[in-house]
Amino acid sequence: MNRRTAAPTLALTLLTLTLAACGRPAAPATPAPTEDPASGNVTDTVSHGEHSLAAPGPDRSRLPGGAALGPATVTPGLRVQALPANVQPDRVALKVLVLSSGPGDYGVGAARALLDQSGIPHDVLDASRAPLTMDTLIAPDGSGRYQGVVLTDGALIMNPGDGTYPSALDSAEWAALFEYERTFRVRQLTLYGAPGTVPEDYGLRYVPGAETSTTSLRLNADGQGVFGDLKTAAIPILYAYTYPSALQGVPGVTTQVLATDPAGRVLAATSTSADGRERLILTSAQNAALLHSQLLGRGLAQWLTRGVHLGEHRRFLQVDIDDVFIAGDHLTSNLTLTTPFRLSGTDLLNVRAQQDRLRGSYPAAPNFRYALMFNGGGANTGVPTLCSNLPWLTRDLLSSVARCLNTQFDWVNHTLDHPRMDVMPLSTADAQIRDNLTVGTKLGLRMSRASLVTGEHSGLGFMDPNDDGTRNEEDAGPKQDLGLTRSNPNLLSAALGNGVTFLASDHSVASHRDAQCPSCGVPHPLRPELFLVPRWPNGVAYHVTTPDEATAFYNSLYGPGGRFPYWDRNLTYAEFLDRESDQGLSHVLSGAAFPHFMHQPNLRQYAGGKSLSTDWVQATLAKYSTYSTLPLNTLRWDDLGAHVRRHTAELKARAAGTLSGTWNRAAGTVRLTSSAGTVPVTLTGASSGALYGGVRTARYDLSGSLDVPVTPR
């Protein structure tokens, strides 16, 4: 794995800024980082193509200072819409309706992300173009089409560009929506609302001069009842325009404050209207990339659906360490390559201790486990088992310690010698996969045998288009995303021939992920029996072993004199960790089960009980544990691949309209229906099933229909 000394050539995809306040020219929207995490990656295309760096973040100096919601006006409707005669108010489909104010509505992405995090199916209606009618809301059999309604902003304000703020719904449409919600007992979530009385009154009033884009939110006891997984720590609200509000008594309206700012002003509240409808309003702008939106999402989804919905909200912390047993590049703090670095047996013993310490220190991660992607060509299978630092008793302490710690990590096939597999004959590919499994077996490693990580994610179409195999390791030309159809068919055949089902892919490569489904994996188009699980890149460079080395390389890219200047100063290691763990926290909160990948030099014990990898994990866990108690799952790779594949199949079936659920609230059951053969289905709120974060979830392989008892919250 020794590479040339040339510094990597990086192709930086800059984070775009999205606006978060209805797109009004007179009221510039609150911006946030792009909602597609993939667009925030930097891919090393020359020196070490498997390593992709996460971009440092948005240019905060370019963020607008504020955005205001104008005074909404509602056009009178032409006709009153009546309920159909056959209405069945106890029956609703397990689907949510998102109402949008039209093109440029920032809130659509936030609403989608909130629902996607919990796997909740939803439709989006552009109310500026499509009328909202009773037929939109009620099926021909009289059942409700939606179990919940999300308003991207409280009045669905459009942007005609003339200084007015008309609602996308007229008075008749608002009346129809409210009548549907009342009749079918459907809750309404307003993702962002200013205090006022149009189109309805929540019992909140404007506080002059309180508007801000920087504040914090703290839950009260009632708020903790809604957001049951969150702690009492104040949640920062940054880059999101906010209307801290005052409570106002309104006849017939009952308003319950859930969260306040440091001055005690209202930032979130539930409110029951005079006709009995249940509503929840947030007075801060929302965006999928902002911390407060990510943290509040689970509780909002549970409240909106009464805890009964298709899909589940589950979080993961998966960390892969590539290249174990072989030596790799080592960059000094002077930015020069030195003697290649290979993890030592002492380092590996320390990794086990660090892993144990993380489990004991953070109750949210009691089962955290590193996955070690190993290259057996660098191991020695003829050494004894050693569980302590006694190097004189063995020819290779790392291999001896690996024997001892054979069950402490998830050992995953990374090929025997780490060759690039873009152009490779079948016999060579087969030997690389098979012989590495043989080494793992001889060492007694507990392996995820159905999983494979190729060197540099090679063989999957991200390659030098001129590579003919004769200069396979020479970095002759930059890699390009040629698509999965340019995968090496010999690699695919060799993988299947050796029992591989799950292949790791690089999330920073567009063809290696599903842009339409942020938490899905990808069945390989040439061999659908193989399933790709994307891995997130990490800003800890592949060839650094100490804090000084890590920050020197990072600052050579993003510091004031770097190749891609971003920060106004060189960052310290503490600042670097803070930025990188922000990205890790965002990924964890997304609910996607993808691993982050780092490399064996990052596990070097640079000081007593410390390594770069564990520093990053600890920083991420510390932030997560400040806010949430929801347990983090860490699965072995074979189980992880099976989980992502099942999750993907379920979401694709729902998107195709072949998997659905209908809640009969009178009977206390949900009827699950598959119209296209057997598909996996997950139901949150089932009366029996696995308990996670205080919520029961049941899983089925469904063919036809099944009635399941549920317990709403």
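Glycine is treated like the rest: Cβ placed from N, Cα and C.
Feature annotations, courtesy of TrEMBL:
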type     : residues : note
COMPBIAS : 26-38    : compositional bias 'Low complexity'
COMPBIAS : 468-478  : compositional bias 'Basic and acidic residues'
DOMAIN   : 93-197   : domain 'Agd3 CBM87'
REGION   : 26-70    : region 'Disordered'
REGION   : 456-485  : region 'Disordered'
SIGNAL   : 1-20     : signal peptide
Looking only at the domain 'Agd3 CBM87' (93-197), what is the model's average confidence as pLDDT? 94
Looking only at the domain 'Agd3 CBM87' (93-197), how are its residues distributed among DSSP helix, strand and coil? 29 helix, 24 strand, 52 coil
Helix, strand and coil counts within the region 'Disordered' (456-485) (DSSP): 4 helix, 4 strand, 22 coil
